[in-house]
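Annotation comment: Swiss-Prot describes 155-162, 202-206, 278-281 as GTP binding site, evidence class sequence analysis. According to Swiss-Prot, the feature domain 'Obg' maps to 13-148. The domain 'OBG-type G' annotation in Swiss-Prot covers 149-344.
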Amino acid sequence: MVHCSCVLFRKYGNFIDKLRLFTRGGSGGMGYPRLGGEGGKGGDVWVVAQNRMTLKQLKDRYPRKRFVAGVGANSKISALKGSKGKDCEIPVPVGISVTDENGKIIGELNKENDRILVAQGGLGGKLLTNFLPLKGQKRIIHLDLKLIADVGLVGFPNAGKSSLLSCVSHAKPAIADYAFTTLKPELGKIMYSDFKQISVADLPGLIEGAHMNKGMGHKFLKHIERTRQLLFVVDISGFQLSSHTQYRTAFETIILLTKELELYKEELQTKPALLAVNKMDLPDAQDKFHELMSQLQNPKDFLHLFEKNMIPERTVEFQHIIPISAVTGEGIEELKNCIRKSLDEQANQENDALHKKQLLNLWISDTMSSTEPPSKHAVTTSKMDII
């Protein structure tokens with residue numbers, strides 16, 4: 001019988017993926033009642049995505065976290081129409097979700113130069129406002145970063161995710177022979193000979209209870225949401241966080257990881273998934289791998305070994321299972337090819353689904369137009385033709 005265990009964990013590093021900001025649009029300019037002049041509109045506040053920006057840089061650059069746009073120019077004899085106040089642009093990284101104080105989503109920034117209006121400037125003084133300017137909009141906004149990647153690495157600490165990322169890409173994450181080496185998400189890119197690029201996100205190792213925010217689980221589980229596919233990375237020799245916690249076999253780690261994803265957000269289980277069985281250079285690795293494969297072929301035959309609350313509603317069906325060694329390089333090329341093949345298949349399926357949807361919409365549109373009753377003009381014309 002597999003039992004649950006709990007343990008205290010040290011705090012993660014100073015990686016920032018959430019910020020709360022105060023924003024205010026600029027006030028409008030004064031109107032000129034005697035000549036009917038209109039004051040300029042206050043500047044607006046925008047959130048703009050930039051590729052090489054981080055929330056930590058934003059916080060360091062603007063420690064007060066207050067962003068106020070410029071005031072509109074007053075109307076005057078030499079310029080009856082006042083000019084608009086200067087807009088304020090807040091630089092943020094790509095992958096930001098912007099919400100208001102009530103949690104309502106204002107918008108998302110998924111590529112460079114995407115921009116969202118978060119606070120409008122006030123109107124300038126004009127006849128409708130008795131030539132008095134209006135104040136700009138005040139708004140508290142929350143920036144929530146979710147990394148965007150093709151593949152997200154999922155695994156317990158010390159499974160070799162960082163070593164794997166350094167093998168398949170040019171990323172240089174911190175690597176050491178102890179748990180929790182990775183303290184913040186890392187992004188790398190797999191480069192192929194035909195210049196195809198696939199982005200991979202290495203997340204800090206999950207732990208049992210991550211769905212309840214143990215080990216800051218929510219802080220890093222959310223980054224999996226925007227990955228197209230998941231790559232489970234498990235240690236063939238199993239995992240034990242410390243001498244005070246229970247040892248887990250490779251099969252048990254897969255089941256427990258699946259359960260953590262399910263409890264955090266069920267939709268994550270619907271993502272296409274691959275499995276990399278790491279550390280195949282260790283003694284007895286081949287025997288353990290054959291045992292793991294037999295367990296994965298019929299997982300339901302072994303679920304009775306787990307406590308009921310640890311069994312996921314559905315087990316993950318891996319598209320590819322690849323034995324690898326991030327130390328010797330064994331299986332790395334095969335893994336890279338499987339990742340690309342899986343993503344290409346997913347893209348083809350999405351394109352086919354989109355094409356079918358477009359054809360269905362076209363057919364519905366044609367059907368509706370053919371069943372519409374003829375217009376009065378059409379009926380009158382036909383009678384005249386008969387006469």
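Any Cβ shown, glycine's included, is placed from N, Cα and C.
A quick note: this is a predicted structure, and the numbers were derived from the prediction, not measured.
Summarised as a single figure, the pLDDT of the domain 'OBG-type G' (149-344) averages 82. In the domain 'Obg' (13-148), the DSSP tally of helix, strand and coil residues is 13 helix, 51 strand, 72 coil.
K161 (GTP binding site) falls within a helical segment according to DSSP. Ranked by how many other Cβ atoms sit within 10 Å of their Cβ, the binding-site residues L203, M280 place M280 at the bottom.
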